[in-house]
Amino acid sequence: MTETNLHPGPGAGLDRYFKMNWVFSARRDLIFLIGSVLAGWLIFGIYLLMGWNMILVWLVWVIVLDTPHFFATYSRTYLDKAARKQMPRLLILSLGVFLVGPVTLLVSYGLQGMGASFWKAPWYGFMIVVSLWAYWHVTRQHYGILRLYHRVNGETGTKDARIDSWVLYGCLLVPFVAFLAQHSGARRRVGLEGRPAFPEREIGQSWFEYVAALQWELWVVLATVVIVVALLGVFVARQVQRVSQGDKIALPKLAFLAAVLPLHLYMCYSGHLLFTSLLVFTMIVTIYHDVQYLAIVWFYNENRYGGEPEKAEQTYGFAAKLSRNFWIYLAFAIAAISLPVWGLGCLIGRINVCSVGPVWGDPLEIGGTTWIAFYVMLTLGFQMHHYVLDQFIWRPSKDKKLREDLKVEGQ
């Protein structure tokens, strides 16, 4: 944790009105925790203006950033000797999530054998649940970063912390419901056809009659707008109240929320992404999540493994050796994990932009199981495992050593 001025005097610039405590430092926070949102806008710009093959853009992203961010979880758990001793139960039991895919496949086979018309439902449900979990995981990371800003600015457990949390969760999750209710691909996944659109109001039609005639999905959209506006109204009112009372506001926290919320609100409500693959939306809201995560893990690595290299390697093992240089760390993640995993996806035809041979099956086929079905189970298994581990390994309030490694101890 750093701050620009611990004891500002009267008239000391921004410090007179704002708390200026950062998680890393002003520069690193603004680049990696806050400014990284520009990567999401960049992906949106590429989609909207460049006309590039978005599957190819997706492939580059998962190789260079998304998969290395998964690896970062493993580097600080399974590759860390001390972490393995500290959390053996978690590291063993969490592997059970890799069984979810195979069990789902067996259930679908069983239903098929009984002649059930809905025998593919468990398989579709499995993929839908993982997709929703992915968005929840992104939301939870933003909440975790917000909590760090609360901690370093002395707002943990306060009224402001509660309001901030409701605003963050509400402005990320509620608009997402509106997005899914309208997105053509998401609707098809749950058996809904077409896409609802707001009609023009007829001459002489009252607003009450107009709203009453809307499809239920549009009622959902309107309800989400009301909720979001109410949450933002409460948030703004609270900031005005604090200013009027002469209280200092945590500027880094405001900057973080001002970066995250507009991206999600625009992507969910603008309509630009309603007719394209959900893959584009996934990239937009996840790419800066990856940057944030890698930045947090590297900051953690610097503090945990820094100092005497030989002593760190004796205490922490391979994780310490690998963390001497970020670019070596990233290159190892790409070479050891990204290229083998996604290269296999290209080999079996799962990723059509890099397929080098015949397609080895349909990813949604279950009767006559294909290599692609097994591949999907493997990759989704890694996703779920990452989500499970992250729920437990990033709890500063319960882990003194983690607070020390994140330099928030005593805050």
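A Cβ is built for glycine as well, from the same backbone N, Cα and C atoms used for every other residue.
Where the annotation comes from TrEMBL, it is an automatic prediction and has not been curated.
Taken straight from TrEMBL:
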type     : residues : note
TRANSMEM : 30-49    : transmembrane segment
TRANSMEM : 55-78    : transmembrane segment
TRANSMEM : 90-109   : transmembrane segment
TRANSMEM : 121-138  : transmembrane segment
TRANSMEM : 166-185  : transmembrane segment
TRANSMEM : 218-237  : transmembrane segment
TRANSMEM : 249-267  : transmembrane segment
TRANSMEM : 273-300  : transmembrane segment
TRANSMEM : 326-351  : transmembrane segment
TRANSMEM : 371-389  : transmembrane segment
Per the definition of 3+ C-beta pairs under 8 A with sequence separation of 6 or more, do the transmembrane segment (90-109) and the transmembrane segment (326-351) touch?
no
With an 8 Å cut-off on Cβ pairs and a sequence gap of 6 or more, do the transmembrane segment (249-267) and the transmembrane segment (326-351) reach 3 or more such pairs?
no
When each of 55-78, 121-138, 166-185 is checked against the transmembrane segment (273-300) for Cβ pairs under 8 Å, which one has the most?
55-78
Can you tell me which recorded stretch out of 55-78, 121-138, 166-185, 218-237 has the most Cβ pairs within less than 8 Å of the transmembrane segment (30-49)?
55-78
With Cβ-Cβ distances below 8 Å as the criterion, list the same-chain residues six or more beyond the ends of the transmembrane segment (121-138) that contact it, or say none.
100-101, 104-105, 107-108, 111, 172-173, 176, 189-190, 278, 282, 285-286, 289, 364, 366, 376, 380, 383-384, 386-387, 390
